[in-house]
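According to TrEMBL:
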| type | residues | note |
| --- | --- | --- |
| TRANSMEM | 20-43 | transmembrane segment |
| DOMAIN | 22-164 | domain 'Casparian strip membrane protein' |
| TRANSMEM | 68-89 | transmembrane segment |
| TRANSMEM | 101-124 | transmembrane segment |
| TRANSMEM | 156-174 | transmembrane segment |
Amino acid sequence: MADIETKLSQNQPLKTQKMFIGAQIFLRIVVVATSFASAWLMLTNKQIIDIGGFVLDANYKYSPEFRFLSYANIVVGAFSFMSFLFLVLVGRRSSNPTQYFILFLHDLALMCLLIGGCAAATAIGSLGKYGNSHTGWMQICDHFGKFCKRATTSVTFSYFSLICLLILTITSASKSRQIQA
């Protein structure tokens, strides 16, 4: 009976380590996919309408906030892919808390970049959807529905990436504080 307990206690850290690495890999793949999907949606977002002979167009390029979100998503996707490769290499051999601290700092920096892009795009999206009667800015989403829906979907994907990065940051910080036996 004591033999079985010692074998189980020896295998438990290995199982926990494999589950942790598997969760990290899965979340990083989700971040890469949603970041690139968000960037693609925003970079291809444009709409042209004709109102009484006046041709008006909406394009993500006209808004610095939407450009910032697009470029932030590209950077987050690329660096998350690189951290995915790093994690696959580190996961094959035993790792130390220093490597997880590096991942923590990496995820924290990406999360800060993406939260800035999400906040800026959300603010300008709200202005486009509801306008601002105090300053005389009119809403445009009633005329550019397709443009606004794609922008909303893009920002939603970015927030999903942000939530995954938050989980990655917390788990990497927790793992970096564990003392290796």
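Each Cβ is built from the backbone N, Cα and C atoms, and glycine gets one as well.
Helix, strand and coil counts under DSSP for the domain 'Casparian strip membrane protein' (22-164) come to 108 helix, 14 strand, 21 coil.
Long-range Cβ contacts of the transmembrane segment (101-124) within its own chain (Cβ-Cβ under 8 Å, at least 6 residues beyond either end) map to 24, 35, 63, 65-66, 68-69, 71-73, 75-76, 79-80, 83, 86-87, 151, 154-155, 158-159, 161-162, 165-166, 168-169, 172-173, 176.
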